[in-house]
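Asks: Before I ask anything, let me first share the structure, which is written out below as structure tokens.
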Amino acid sequence: MYASREDIGYDFGDDSKGGSKPVKLNPNIDGGWAWMVVLSSFLVHILIMGSQMALGILNMEWLEEFNQSRGLTAWVSSLSMGITLIVGPFIGLFISMCGCRKTAIIGGILNALGWILSAYASDVHYLFLTFGVTAGIGSGMVYLPAVVMVGQYFQKRRALAQGLSTTGTGFGAFLMTALLKYLCADFGWRNAMFIQGAISLNLCVCGALMRPLSPKDFVSEKCVLRSNSKDNQAKALSHSAESIKSNGVLSEELEKKEAATNEEVLGSVQHVELGGKSRSGRSMSGLRVLKTVSQLTVTVRKGFAMWYSSYFGAASLFTNRVFVAFIIWALFAYSSFVIPFIHLPEIVKQYNLSTQNNIFPLTSIIAIVHIFGKVILGIISDLPCISTWNVFLMANFTLVTCILTLPLMQTYVSLTVVCALIGFSSGYFSLMPVVTEDLVGTKHLANAYGIIICANGISALFGPPFAGWIYDITHKYDFSFYISGLLYMVGIIFLLIQPCIQKKQPREKSVEGAQV
């Protein structure tokens, strides 16, 4: 249904047999409550990503209020967008310890707090802390669980589910832009941010909908079979539920050692509690508190051990070469999507196309087609005969081609065509969680995808300022698109090279064995 690890060309050591019998999964997998999780993720994208794409409204208000330079004021929005993604790896630690539901609820409260405190800002630097950092971290704590939970609840239609949930970004861009315009016009920007903070509390409701699956549902994934419509040959998809052998994730021995330690600690506390039944109620309360603290300590230790081993241990995610190439690609890719949103209005003004653009803005065209691109690419990737990896690469090639050719378009019609292609091809964002999960497995999706969106955050944080710096030197936006497009192409080349290397390695080993 989606790109298998064989399609990507990476050996994950799967030992599943073609004749294995599929295990019956939780009825909520690919149905039932899974669609409530999609709805939750959809609303998260509206409230977080949609709001961030509408920050241009508030940026104009801040420029007028604080009388600061455009560059300094723009860092407020840039910090919020960048930190939302950059904190991904650290949010993976919270997910390991608390789970997606609790992490998202805490993040919703933090995000709302950031909006509300920003309403009392006395200068731009105050907004750096309240809106850029506080609201940004809160957004990251909700965004990552929203993506991870959809990946956990879907197997057969994962690409479609991710596509539907992420369309909330496009819808949110329209809804939040109209909402913030209305609130700023009628109530002022400070009251608008206060009201938006109250609306953001709905992120806690979205987090409450992220009902966790039981551990047995993940173990059974190892026996799930994929069907091919042409030859009906079953292919096993192993998600490294217990260990990732040579390419890294947590070893089974580490988990067993942690489990033994946990049982020993909890057992000693329970023994003390049983021995103290004859004591006073005050002593029993103290023992219960001690037991709770011990359980919390065990949970934190286990979560940190999993998080640390995934990133820095001997069996680290970074030993997966294709995944490392994926990170390098992410460092260059996201800025190529963000830069047009930032600089297109100025380009249109330089070409004297403001009249046509005011009727139907080019950025709106990108947002609208982006919605359809996510859904359509998700549907195509779920077809039995289609590889998600190949769809992902084709969409990237289309997007980088559009970025490189956009400076050559100087009419509104030609710019409209290119922007529509940018919007459609950038729909591959909905495939990123699917590709990431195929690379590392469901169990480590949170940590792995956290790294990917962290790389995207770095790209979003420094990409637009870099493009503006190039314009200050050359007084043209052409070179900004050319340089970002070439860097983007370098990332795509890394994705193409690594699978080829992985396919050649087994052959080289077999030749060496034959010589011996």
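Cβ coordinates come from backbone N, Cα and C, glycine included.
Found this in TrEMBL, in case it helps:
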- 33-55: transmembrane segment (TRANSMEM)
- 37-503: domain 'Major facilitator superfamily (MFS) profile' (DOMAIN)
- 75-96: transmembrane segment (TRANSMEM)
- 103-121: transmembrane segment (TRANSMEM)
- 127-148: transmembrane segment (TRANSMEM)
- 160-180: transmembrane segment (TRANSMEM)
- 192-210: transmembrane segment (TRANSMEM)
- 311-339: transmembrane segment (TRANSMEM)
- 359-377: transmembrane segment (TRANSMEM)
- 389-409: transmembrane segment (TRANSMEM)
- 415-436: transmembrane segment (TRANSMEM)
- 448-467: transmembrane segment (TRANSMEM)
- 479-497: transmembrane segment (TRANSMEM)
Asks: Apart from its near flanks, which chain residues at least 6 from the ends of the transmembrane segment (192-210) lie with a Cβ under 8 angstroms of it?
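Replies: Distant Cβ neighbours of the transmembrane segment (192-210) are 36-37, 39-41, 43-44, 47-48, 51, 58, 100-105, 107-109, 111-116, 118-119, 138, 142, 145-146, 149, 179-180, 183-184.
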Asks: Report, as numbers and ranges, which residues of the same chain sit near the transmembrane segment (75-96): CB under 8 Å and 6 or more residues beyond its ends.
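Replies: Non-local partners: 48, 52, 55-56, 58-59, 62, 103, 106-107, 124, 127-128, 131-133, 135-137, 139-141, 143-145, 148, 302-304, 306-307, 310-311, 334, 338, 446-447, 449-454, 456-458, 460-462, 464-465.
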Asks: Mind checking which residues reach the transmembrane segment (160-180)? Cβ under 8 Å, same chain, six or more beyond either end.
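Replies: Sequence-distant neighbours of the transmembrane segment (160-180): 34, 38, 41-51, 53-54, 56-58, 146-147, 150-151, 153-154, 192, 196, 364, 367-368, 370-371, 374-379, 381-382, 427, 429-431, 433-434.
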Asks: List, by number or range, the same-chain residues at least 6 past the transmembrane segment (127-148) whose CB is under 8 A from its CB atoms?
Replies: 40-41, 44-45, 48-49, 52, 62, 75-76, 78-88, 91-92, 94-95, 100-101, 103-104, 106-115, 117-118, 121, 162, 165, 203, 206-207, 210, 433, 445-446, 449-450, 453
